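Trainee: Please read through the structure below; I'll follow up with questions.
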Amino acid sequence: MTKTIAINAGSSSLKWQLYLMPEEKVLAKGLIERIGLKDSISTVKFDGRSEQQILDIENHTQAVKILLDDLIRFDIIKAYDEITGVGHRVVAGGEYFKESTVVEGDVLEKVEELSLLAPLHNPANAAGVRAFKELLPDITSVVVFDTSFHTSMPEKAYRYPLPTKYYTENKVRKYGAHGTSHQFVAGEAAKLLGRPLEDLKLITCHIGNGGSITAVKAGKSVDTSMGFTPLGGIMMGTRTGDIDPAIIPYLMQYTEDFNTPEDISRVLNRESGLLGVSANSSDMRDIEAAVAEGNHEASLAYEMYVDRIQKHIGQYLAVLNGADAIVFTAGVGENAESFRRDVISGISWFGCDVDDEKNVFGVTGDISTEAAKIRVLVIPTDEELVIARDVERLKK
């Protein structure tokens, strides 16, 4: 038995989960928030307890030190060396990383070079790797990429209709994201349906503050909604998703909001989506509350959000030539029952239908009516478990 920790490092946060492997038992989990800010918050959950402390954490290395010390303080481990492996979520692996990889040689430098493809994510992911390397230099460190699952896409799906030189020289293509989540829920869907994954055609919908939809055939990603970066695809909490590219030069010419590449990235990544249209919030709970109060902008934002998701599901029904199941996962997909109902009701012609008695808050499993030809499933994602499994597989 070994102890493996799965890490998801954000720019100001560090989410973690400690496993006993190969039993896949969660020993503890937690979240460190507001790294680099005053009054950082560290939360540790274990044995039915939740312990929280507020302190100032300047950087990721200090955050990791506090995490490890908390594990000892709460008698979850006796010493640092009980942890024999650490796995890190990394958003962008480009064409260079086609699978999870042990951190050695120039691996970390390559991860940082790929920050161009995920500027909001890869730098923070790399900071988490460096922090653990500094404090636990001798354990196996593994990077697990959101993009790896999508390397099975055919060229017709991942290439853009731009001059070929931009692909060959600049690697401009669709990479996708959330691959670890899509891979996990596809496998769980096969178990739930009682059929081999190799026999299934699935449309997996990872809908959280960020969101992506993937067409999965025989366990392989054949197309996905996110593109060159996690900005592409469906409308999201603060991201536009797909828009007409000509909007950008137009706004550069006629407004003062788009003067630099940083301006463009800020507006498209942080100020758009549900937040931009509603002028209220990027959180679906806030949007639904505003809709209930009759707020027009929130209602429009919600309708646009559902519309873009329906269109992508329809697109992937065409790509797959039908589907056995549509799977909802992540924060919104798992918890917003009215959202699931509204998405499916608009595409019922394809043979999918939700049973309102099954489609309730907190439900998991099959929420379809008995007569539905395409099953509708709700499956909680577990990206951390996939990461822990990959660490165990790659340990020397």
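Glycine is no exception: its Cβ is also placed from the backbone N, Cα and C atoms.
Values in this document were obtained by computation on a predicted structure and should not be read as measured data.
Annotations per Swiss-Prot:
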- D146: active site, proton donor/acceptor (ACT_SITE)
- N8, E383: Mg(2+) binding site (BINDING)
- K15, H206, I207, G208, N209, G210, D283, M284, R285, G331, V332, G333, E334, N335: ATP binding site (BINDING)
- R89: substrate binding site (BINDING)
- H178: site 'Transition state stabilizer' (SITE)
- R239: site 'Transition state stabilizer' (SITE)
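Could you tell me the structural context for the features on the list?
Mentor: Counting every protein chain shown, the number of other Cβ atoms lying within 10 Å of the Cβ of D146 (active site, proton donor/acceptor) is 27.
Classification of N8 (Mg(2+) binding site) by DSSP places it within a strand. Sequence-distant contacts of N8 (Mg(2+) binding site), defined as residues of its own chain at least six apart whose C-beta falls under 8 angstroms from its C-beta, comprise L14, K15, W16, H88, R89, G128, E383, E384.
Non-local contacts of N209 (ATP binding site) by the CB criterion (under 8 A, 6+ apart in sequence, same chain) comprise M236, G237, T238, S282, D283, G331. Reduced to three states, the DSSP call for N209 (ATP binding site) is coil.
In the three-state DSSP assignment, the secondary structure recorded for R89 (substrate binding site) is strand.
Using a 10 Å Cβ-Cβ cutoff, H178 (site 'Transition state stabilizer') registers 32 neighbours.
Applying an 8 A CB threshold to same-chain residues 6+ apart, the list for R239 (site 'Transition state stabilizer') reads G210, P230, L231, L268, N269, R270, S272, G273. R239 (site 'Transition state stabilizer') carries neither a helix nor a strand DSSP state and counts as coil.
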Trainee: Which residues does V332 (ATP binding site) neighbour through Cβ under 8 Å, counting only same-chain ones at least six apart?
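Mentor: Result: I207, G208, G211, M284, F339.
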Trainee: Taking the Cβ of D283 (ATP binding site) as the centre, count every other Cβ atom within 10 Å, in any protein chain shown.
Mentor: 15
Trainee: R285 (ATP binding site) to H178 (site 'Transition state stabilizer'): how many Å between their Cα atoms?
Mentor: 22
Trainee: Which one of these binding-site residues has the most other Cβ atoms within 10 Å of its own Cβ: K15, R89, R285?
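Mentor: Its Cβ has the most other Cβ atoms within 10 Å: R89.
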Trainee: With ATP as the bound species and K15, H206, I207, G208, N209, G210, D283, M284, R285, G331, V332, G333, E334, N335 as its recorded binding residues, calculate the greatest Cα-Cα distance and give it in Å as a whole number.
Mentor: 22
